[in-house]
Amino acid sequence: LRRGRTMVRNERQQKVEPMIKKEKRQLTPWVIYSRIISFWAPGVLLAKLGKMPDAGMQQAWREKIALVSLIVFVCAAVVYLTIFLAMTFCPQSVAKTQDNVFHYNDEFSGPGVIGIRGLAYSTEGATWKSSLDFTPVPGQDLTSYFNLPFPDSCRSSELAGLRAPMYDVCSNNNGNDGCPLGDVDKAIKENNLTKMDNRPVGYDWDDVQSGFFVLNGHVLNLTPYLMVVDKKAKSGDILDEAIFGAANNGLVDATLLFQRTSQMKAAADCLTDRFSAGLLAKDTPGCFAVNLFNYVALAIIGGIVLTRFFMAVIFQYFLSWQLVRRPPRNKVRPLSYNAAAPWSGKKPQTGGANINLGKGDEDELYTIMLVTCYSEGDESIRGTCDSLCGTDFSDSRKLLFIVADGIIKGSGNDRTTPDICVDLIEQDDAFRDPQPCSYLAVAAGSKQHNMAKVYCGYYRTGEHRTPAMVVIKCGAPTEQDAPKPGNRGKRDSQMILMNFFSRVLFNDRMAPLDYDLFRKLHHLMGVTPDLFEIVLMVDADTKVYPDALRLLVNCMNNDQLIMGLCGETKIANKRDSWVTAIQVFEYYISHHLSKAFESVFGGVTCLPGCFCMYRLKARKGDDWVPILTKQEICQEYSQNVVKTLHEKNLLLLGEDRFLTTLMLRNFPARKMMFMPQAICKTLVPDEFKVLLSQRRRWINSTVHNLLELVLVRNLCGTFCLSMQFSIFLDLVGTVALPVAIVLTYILIVRACMTKYNSVSAYLPLAMLIMVLFLPGFLIFITTRKWVYVLWMLVYLLALPVWNLILPVYAYWHFDDFSWGETRKVHGEGKDKGHGDGEGSFDASTVPFKRWEDYERKRLRSIRRKERKDAD
């Protein structure tokens with residue numbers, strides 16, 4: 001818990017391979033499997049009936065069938081291990097018999113119990129004959145005290161010539177003075193003996209004494225027979241030889257002696273019917289193996305659940321508070337900038353910021369607050385910006401950076417999203433009429449060329465006047481008549497910022513848009529962009545609490561190994577409908593249990609895109625290293641050509657989870673953390689069709705990202721106490737969700753029907769209570785808000801929705817890469833995503849130059865204008 005860095009082993013180090021490979025093999029084992037499993041659907045059939053004329057669409061459909069087949073296999077394995085394993089190795093008849101036995105010499109089972117013909121009878125209220133003088137041991141076999149009829153199995157012609165089957169054992173020298181209680185059925189009634197629900201008498205191996213032996217699982221009492229014949233075997237009688245051989249040699253289990261011939265097998269049935277005293281109350285090997293498996297499974301599952309629970313509690317009570325507190329002076333380092341850069345020490349050529357922003361505290365890192373917009377309305381975007389700019393963080397150390405993804409008018413809006421965003425700020429007079437600048441977009445074909453306008457100014461809220469930049473993606477001239485000019489998706493909006501800071505940090509060649517951003521940021525803030533260390537990413541329908549930004553930056557100051565952070569996301573519209581109500585506890589438990597547990601390892605597997613913070617660069621001695629701006633991360637996150645189903649699920653459906661996966665793969669020794677003290681509120685889907693579309697994207701993205709993370713061996717921990725093992729369990733648990741809910745209800749029904757007469761009978765009930773209600777205890781420990789208990793009950797009632805309907809729908813739509821109903825645009829049909837493009841890209845449309853080249857050209861232009869004005 002006090003480690004300075006995550007645990008790393010040298011032998012675990014492996015080269016980080018890109019998840020999206022540019023060189024793609026046409027025929028891989030996965031492709032071959034997908035074609036084999038879908039052999040029944042030829043391409044012609046898919047083209048005609050399935051309306052999939054494109055070969056790529058057909059292959060995506062085949063890979064979906066292959067994935068579904070693997071999910072069905074995992075679910076079938078879970079069902080078999082849970083239900084049918086016991087039926088296979090420990091049949092119900094055997095299990096019921098073992099659970100129902102009355103154990104011999106067990107005083108706790110009841111002292112007034114005897115055994116007659118292997119069955120238990122109660123002697124409570126019995127009226128014994130006065131001539132009898134004995135106190136039976138619990139479960140003692142009193143069969144020899146009764147006169148029993150000869151069973152039909154002893155009258156077989158195969159047994160002719162054998163003495164034991166028909167020999168009368170009621171003579172006076174049998175050790176009981178004959179059979180003093182008379183006919184068995186009549187004596188049971190006369191002596192008021194009560195049969196105990198057909199419960200057999202059970203013997204342990206130690207209870208099988210002299211005169212007893214085990215035959216096919218039955219314990220036989222041949223003491224009366226041995227006494228009557230004076231313990232002498234009949235010469236030439238193979239049955240007598242077997243009986244006396246077992247008795248004289250102390251052979252407890254004589255089963256093998258009776259398996260030699262058909263005559264001996266028939267004799268075994270006869271002896272069992274005549275002399276049975278009960279059953280061997282020991283589990284069969286199959287039942288023992290099943291019980292062992294159940295105990296091990298309970299220990300593993302219970303251990304994992306309890307470990308997650310206690311680690312989450314430890315993190316929230318002890319570790320998180322150490323990180324969010326204000327850092328001491330010795331942990332605050334001076335601002336980092338690139339002294340070798342050509343812009344080092346230069347002041348803005350435009351005269352600098354025309355407003356006094358004040359001086360920030362030395363522990364306040366320069367932070368970009370990125371807000372990505374698509375089709376949100378004025379109220380949503382303004383609420384988000386108000387909450388960000390109103391945080392208790394110096395205006396001189398934060399910059400509001402809004403990106404509008406295309407010329408789009410959201411459903412129900414009276415203005416386009418760019419107009420809404422531009423109207424939010426007070427534009428700076430120096431850059432009032434910006435011109436569109438080209439940049440390389442995340443798209444395919446001709447759409448790689450995109451253009452954007454950069455508006456700069458200040459955002460006012462209360463006493464705050466925060467520097468702000470608004471980037472409007474307006475599209476290339478050739479797409480102005482298209483439905484959504486400039487639209488390239490959220491990932492492209494993030495890459496505008498990431499590519500810009502990456503090129504600044506490395507002094508790499510810049511696109512025209514990058515240089516425009518550099519000048520205007522330098523003008524607004526009075527510092528060059530290389531001083532910025534942090535980016536806070538927020539969606540346009542999210543509101544952060546006033547102290548959220550400072551708390552997250554405190555964590556970055558207190559632990560230099562933290563590369564990513566997220567806070568708790570609460571639901572703002574929790575009472576709008578039943579759809580929002582069922583999400584309240586799901587959001588709560590995903591943060592306070594899952595993310596809190598992962599934070600102990602420093603490996604949160606998903607920083608939600610609606611509210612997360614990343615480190616652009618990190619200190620390393622007296623120098624810095626790129627983190628989010630690392631070129632490998634920027635290159636892979638900006639992949640524009642994705643062909644396979646796996647790649648499209650990674651890149652097109654869940655940008656936030658994919659970016660988290662990239663960071664963990666590239667920096668396994670650094671930390672991704674969750675801070676419960678930093679809180680935001682967001683709007684969640686209030687219609688079921690929107691929730692269905694959203695969770696389809698999230699579930700499918702989760703499966704494919706976990707498939708990538710489970711292969712990373714450099715993560716913290718070892719064996720069962722490792723992030724890799726935890727990720728594997730999350731992956732299995734995710735794909736097995738549909739069958740898990742069915743098994744849950746089966747377990748509930750069985751718990752109501754089970755007779756709890758042994759410790760093992762309580763195991764399923766204990767596991768069920770632990771899994772379902774332990775989160776309720778977490779509520780009491782963390783929030784102490786009892787209303788969340790009610791939200792938990794609402795969530796439990798909606799388990800069929802979470803564990804059956806949503807996963808099944810998502811898995812069957814593995815080949816659907818659209819955003820569906822989540823973000824609707826005025827007059828738009830079904831969204832088809834951003835993965836495909838048309839035409840070819842002309843690289844000359846996006847020139848790349850170094851900063852000094854752009855600056856030299858700008859200065860020459862200024863001098864020419866000055867000379868022209870002078871003339």
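Quick reminder: no glycine exception, Cβ is built from N, Cα and C everywhere.
What TrEMBL records for this protein:
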DOMAIN    201-278  domain 'Chitin synthase 4-like'
TRANSMEM  27-47  transmembrane segment
TRANSMEM  67-89  transmembrane segment
TRANSMEM  292-319  transmembrane segment
TRANSMEM  731-749  transmembrane segment
TRANSMEM  761-782  transmembrane segment
TRANSMEM  788-814  transmembrane segment
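Within the same chain, the transmembrane segment (292-319) packs against the transmembrane segment (761-782): three or more Cβ pairs sit under 8 Å, each pair at least 6 residues apart. Counting only same-chain residues 6+ beyond the ends of the transmembrane segment (27-47), those with a CB under 8 A from a CB of the stretch are 53, 55, 58-59, 61-63, 65-66, 69.
Through the fold, the transmembrane segment (731-749) approaches residues 70-71, 74-75, 78-79, 82-83, 699, 702-703, 706-707, 710, 764, 767-768, 799-800, 802-804, 807-808, 811 of its own chain, all at least 6 residues removed from its boundaries and within a Cβ separation under 8 Å.
With DSSP classes pooled into helix, strand and coil, the tally for the domain 'Chitin synthase 4-like' (201-278) is 38 helix, 15 strand, 25 coil. Confidence over the domain 'Chitin synthase 4-like' (201-278), given as mean pLDDT on the 0 to 100 scale, stands at 83.
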